[in-house]
Amino acid sequence: MDPGRGAGPGLWRCGRRLLWAASLLCVLLDLQLPGLLASGQAEIENHLEMGRKLLAAGQLAEALSHYHSAVEGDPKNYLTYYKRATIYLAMGKFRSALPDLSKAIELKPDFLAARLQRGNILLKQGNTEQAKQDFEAVLQSDPGHKEAQTQLARLTELEVTMQEARAAYQRTDYAGAIGILGRAVEISPWNPDAKELRAECHLLLGDYGQAILDLKPTTKLRADNRAAFLKLSQLYYGLGEHEEALAQVRECLKLDQDDKACFAHYKQVKKLSKQLESAEEHVRAQRYEEAIDKYKAAMKTEPHVEVYVVKAKARICHCLSKSKRAQEAIDVCTEAHQRDPRNVFVLRDRAEAYILNEDFQRAVEDYQEAKELDGENEQIKEGLERTQKLLKQSRKRDYYKILGIRRNANKQEIIKAYRKLAQQWHPDNFQSEDEKKEAERKFIDIAAAKEVLTDPDMRQKFDSGEDPLDPENQQGGGGHPHHWPFEFNPFGSGNFHFKFHFN
């Protein structure tokens with residue numbers, strides 16, 4: 001049998017079946033399509049109704065979600081685009097509103113409300129050419145449209161104002177340009193050109209803070225404003241705000257990780273930030289030598305920006321004072337004070353170094369100067385009160401001077417000094433009555449100094465300006481509370497027999 005001849009009737013029957021199935025499918029679709037369309041339209045209407053309710057309730061994000069669904073369900077409805085644009089505007093997302101307004105105008109070219117709204121946005125962005133086209137289109141359809149006329153006049157004013165501001169800038173009248181640009185920004189608050197020009201004028205006048213205020217919004221007014229992020233980072237860096245400088249330059253690198261200018265600046269800021277942060281960690285852990293090394297490294301990393309040199313000097317002053325390296329602290333703190341005369345903490349740290357050097361008068365003067373700069377600082381007030389007590393105390397009995405030791409001497413040094421002086425001024429070493437009385441007086445002072453300075457509580461009181469052995473400081477008044485560390489009556493007479501407890 002010929003295979004070709006046998007295949008003909010089979011193919012024909014198969015074709016008839018396919019044709020029949022297709023016809024049946026068309027019939028079913030004809031029956032179901034109106035229902036499907038009605039269901040889809042009902043869903044769209046439901047989204048629009050929910051969007052309106054949420055919008056009225058002020059729930060903008062939720063309303064926006066429903067309008068998204070409505071646009072997807074009916075992409076030819078110009079009103080839906082317009083309504084979604086109004087929500088974007090209410091949320092402050094004017095750049096997102098523009099495509100929806102443009103789509104609404106594309107679908108309905110005579111939609112004047114959309115044209116007017118788009119023109120208003122373009123004017124606020126400083127896009128005068130396109131804004132003018134929208135306002136003129138509105139006036140062409142409605143010559144008496146008041147808002148379009150007003151906005152067109154404002155647009156003309158903006159163009160003139162920007163020309164005047166640029167002319168003032170060119171003749172280096174930066175203050176004048178700033179004044180003129182105030183009106184330009186008022187008309188066109190989303191105009192990056194006006195804000196960038198005003199920021200540049202502030203910068204040239206040395207007002208970094210105002211320059212930052214004008215420049216910062218421009219990072220959102222342009223789609224890719226790496227130049228603004230870099231400039232902001234440099235400004236913050238120059239002000240000593242290295243953490244904010246690092247944050248801004250990272251935003252630049254997010255837009256383009258291969259941006260050479262941003263990457264070079266990032267490496268510098270990152271290195272300095274790491275050194276300063278590490279130094280502060282050492283200070284918090286009281287590792288003052290390591291902190292000093294890090295601050296010195298930071299000054300080598302950035303020797304040209306004065307604010308970092310000033311900060312490093314001030315913190316080295318603090319570390320030296322805390323390390324009880326009195327004279328070094330005084331020298332560095334004095335330099336830091338000359339660089340930053342209003343830094344109360346430098347004055348505080350130098351005062352503490354003067355205390356270590358037993359120069360209480362200068363310590364009081366530093367604390368008084370600090371208090372004049374910051375009268376509400378409790379630490380400064382407490383320091384002044386304590387130092388005044390120390391000054392008063394120094395004019396009486398100074399246990400450190402009696403033993404001939406520094407104020408930062410440890411217990412072993414105190415006991416060693418005490419033993420040496422106690423042996424030297426033992427009254428039995430002297431023959432005449434006058435000599436014995438002088439030795440007795442000195443011996444009592446030496447013993448008192450040892451008792452106070454080897455007792456942590458009493459030493460702390462003394463270091464705070466209070467003599468714990470002074471009868472005036474004892475509750476209840478009279479009577480000397482001292483219990484001597486040797487067995488004799490210092491106010492008695494006759495032969496003295498001392499039994500020392502050298503501990």
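Placed from the backbone N, Cα and C atoms, the Cβ positions cover glycine too.
Per TrEMBL, the feature coiled coil maps to 370-397. The compositional bias 'Basic and acidic residues' feature in TrEMBL is assigned to 455-464. Annotation comment: TrEMBL describes 398-466 as domain 'J'. Among the features that TrEMBL reports, region 'Disordered' is placed at 455-486. Feature annotation from TrEMBL assigns repeat 'TPR' to 44-77, 78-111, 112-145, 226-259, 344-377. The signal peptide feature in TrEMBL is assigned to 1-38.
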Tally of DSSP helical, extended and coil residues in the repeat 'TPR' (344-377): 27 helix, 0 strand, 7 coil
Helix, strand and coil totals (DSSP H, G, I; E, B; other) for the repeat 'TPR' (226-259): 27 helix, 0 strand, 7 coil
Helix, strand and coil counts within the repeat 'TPR' (44-77) (DSSP): 27 helix, 0 strand, 7 coil
Residue distribution over DSSP helix, strand and coil in the repeat 'TPR' (112-145): 28 helix, 0 strand, 6 coil
Same-chain residues near the repeat 'TPR' (78-111), Cβ under 8 Å, at least 6 residues beyond its ends: 48, 51, 55, 60-61, 63-64, 67-68, 70-71, 117-118, 121-122, 124-125, 141, 190
Model confidence over the repeat 'TPR' (226-259) (mean pLDDT, whole number): 95
